């Protein structure tokens, strides 16, 4: 993949861009194998590759420059802005949106936020696209509501230019820190979710709810989880850290009792909507802390699926799972190091299957799916 910004030394987000893609995949597989070298793995599956460019469905653009000439991209260490509208990770459909936004920002008088001076209003633009129908969600991250009325007044022009913007919102992030978003979301459109579909499973994307940024690889990841779970023939499972329900809804059958737990109420609303659309009557989702939920329930499901943040599930939840002793644990991780730490805590489980998914090409990061089986199962 050729990138002008990388070649010019202005952006190094894709640290491995100079490495041929086939070798990137080999290096990631070697890294994962080394991390698990102290464990017996019954079956290694071949790594799931990614497209090398235009694979992302989301852009997180720092807004810098001036209101007359905004830059959309990132900040360098010296505080100067780098425009990344030509980033080859984004699909072609993003280019027209970025161009229109550069005209809209001065129309609406949205002064870019200056980190050095702690002045200005517009901090980020967050763009997400649905592969299902091409609809997009655009979020303006503002320091305050000072420019909200101006934004509303100018918005019809933007909507006329970009009818694909089905969901538009403002997020208020008042803190002078490198925090992407605040708690308050103000919708500027009647539609508040994007519709998506992976492997025939309807999914919904809301502001502030996690959704994978590489949809083709995410689709393969969910399909692999479904195939492994269905081969086990389980009829009761928990989906902890479930997000919008991608894993659980892929694994669920009409006969299965599935409980999905996620801290985000918005994500749970999306998961419930998907379950209703699929006609799954034995599926329930609740907005709770996953660890607290597990600790409060004495019933033991046949399988627990976990998809935690980078820190992993941690010692407390591992200890609980050892005591609860479900026959199977399906662990999806975006940080193999924390996953291996958790596996070492799950002393009563052996590793049955492992597969790497290259969710983040041109970087050292990857996703991994691991099936753990209780030694006595």
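A Cβ is built for glycine as well, from the same backbone N, Cα and C atoms used for every other residue.
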*Would you identify which residue of 3, 242 Swiss-Prot lists as part of the [4Fe-4S] cluster site it also attributes to 11, 14, 87?*
3
_Cα proximity to residue 241 (S-adenosyl-L-methionine binding site), best match among recorded positions 3, 11, 14, 87, 334_ = 334
*Determine which residues of this chain, when 3, 11, 14, 87 are set aside, have a Cβ within 8 Å of the centroid of the [4Fe-4S] cluster site's Cβ atoms, and list them as they appear in the sequence.*
5, 6, 13, 17, 84, 88, 89, 362
_Check: same-chain CB within 8 A of S-adenosyl-L-methionine site center, minus 212, 241, 262, 307_ = 210, 242, 243, 246, 247, 308, 332
*asked:* By a 10 A CB contact count over all chains shown, which of the recorded positions listed here is most packed: 3, 11, 87, 334?
replied: 87
*How many Å lie between the Cα of residue 334 (active site, nucleophile) and the Cα of residue 87 ([4Fe-4S] cluster binding site)?*
23
*To the nearest whole angstrom, what is the C-alpha distance linking residue 11 ([4Fe-4S] cluster binding site) and residue 307 (S-adenosyl-L-methionine binding site)?*
30
